[in-house]
Amino acid sequence: MPGHRQGRWDGADEKAPFLRNEPVKLTPAWEGANLPNDTLNLKDIAMDLAPPKDKWNLIYLTLIIHGLGTLIGWNMFITATDYFKKYKLVNEPDLSTNFLTYVGWASQIPNLAFNWLNVFVKIGGSLTTRIVWSLTMEVLIFVVTIILAMVDSSQWQVTFFWLTIVTVFLLNTFNAIFQNSVYGMAARLPPSYTGAVVLGSNVCGTLVSLLALAARGFQNLRTSAIYYFIGGMFVLLICFDTFFALPLNRFYRYHDTLQQRTMHVNPALAATNAAASPGKSRTPYGTIFLQSAIQLYNVFITFFVSLSVFPAVMEAIQPSEPGFLGDIFVTITCYLTFNFMAMIGNVTASLWQFPGPRLLPVFTTARLVFIPFFLLCNYQVKGRQLPVLIKNDWVYWVASALLGWSSGHGSSLGMMYVTRNVAPENASTAGMIGAAVLVSGLVGGITAGRAAPLLVSLALPARA
């Protein structure tokens, strides 16, 4: 027995470090045996010819969960409007009315800065470090949010508002790091696994809308909000847990090692990796912008239109027919319908690439009609001067579904087409530019939506 010499205890075990500076040896999990990476991928040439399979689609499902995690913060805060407007900020009408606009800016500005920075500056660092720390900070911010829901803030509502905005800003700053890292992790796997992250992010809005409906079963808004945000934190904890399970899976370790070997053999490819050293050749940003300009416009205008009316305008539209869908009118016709149909739009884009690259600008530009359409619905009844022309709740609901579907379909096609006209070695940069333009469209739409209350409250000129 270690530490014993001829039946005597010499204290050697007490002096030995608890955590040794040596590779971690994984115990059997998920698939029975976990061989070292070199044994798994390099020692036996047959593994290259017949790589491990993703048994039970565990890795695919894990990346869907991480896709959920990338948008859980944004969706949780924009969907909990009743809690913020009718409970926490009930005595601050200005902050209550413009709450979603402030949340939108606080959410997307850090995302915007990070995405554009990522285009021009290769951000290094271990994926594990970035994912673990960003998720940890997001969970802590959700804990703060839950505590704020528990305390009585009726005497300091303005302070509560700014505390909430700061937490939203910090949450989305760390989420931008997490999101970028998740896509980097998925890039090590076959292309369909990047699609799993996208699918998860698209499902997120629908899931949060259903969670908001379930939370309505509680007696009051305070209790509802507490369990609602606990649900969001639970999703992040699942992301945290499943991330550490990835190295235990032979399929993931095979592709991870395969990428490391490729990077070792092809240093030019390594230079394009965010975790590697910057390449010696200069990236032709101007050429990439010119070659993909039309598709970048499609991505921008799609999200600009969507965020101009969703959720700030649509959540303030009231039913024209009293009692239509009751208290869940906004949750159903705005959040659930838009998010579900956007998810369907992503699916249809993968199955049916129409319109093509040439006609897509016509499709995306035509969506501008949604902005005046929703302003002419039963929006902001108090203080409104512009006449309400769309008085049928079913027509509004169908338009909400079309807005969501066209947003998902058009944005997916635009992102698909962005890399078609650029050289293969510039495809990665074009994709990052497309992601940055996407977020720019979000911020532009949120900013434009701020003008909606002003437009409908302007007095029309009197007729002669």
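Glycine is treated like the rest: Cβ placed from N, Cα and C.
As recorded in TrEMBL, the features of this protein are as follows:
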TRANSMEM  58-78  transmembrane segment
TRANSMEM  131-151  transmembrane segment
TRANSMEM  158-178  transmembrane segment
TRANSMEM  193-213  transmembrane segment
TRANSMEM  225-246  transmembrane segment
TRANSMEM  288-312  transmembrane segment
TRANSMEM  324-347  transmembrane segment
TRANSMEM  359-381  transmembrane segment
TRANSMEM  393-418  transmembrane segment
TRANSMEM  430-460  transmembrane segment
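The recorded stretches the transmembrane segment (430-460) and the transmembrane segment (288-312) share 3+ CB pairs below 8 A when only pairs 6 or more apart in sequence are counted, and are therefore in contact. Under 8 Å from some Cβ of the transmembrane segment (288-312) lie the Cβ atoms of residues 78-79, 81, 100-101, 104, 334-335, 338, 357, 360-361, 364-365, 367-368, 370-371, 374, 403-404, 406-407, 410-411, 413-415, 417-422, 426, 429-430, 433-434, 437-438, 440-442, 444-446, 448-450, 452, all in the same chain and six or more residues away from its ends.
Stretch with the most C-beta contacts under 8 angstroms to the transmembrane segment (158-178), considering only 58-78, 193-213, 359-381: 58-78. Using a cut-off of 8 Å between Cβ atoms, the transmembrane segment (58-78) and the transmembrane segment (359-381) share fewer than three residue pairs, counting only pairs 6 or more apart in sequence. Most Cβ pairs under 8 Å to the transmembrane segment (131-151), among the stretches 193-213, 225-246, 324-347, 359-381, belong to 225-246.
Fewer than three CB pairs closer than 8 A are found between the transmembrane segment (193-213) and the transmembrane segment (359-381), and contact between the two stretches is not assigned (pairs 6 or more residues apart).
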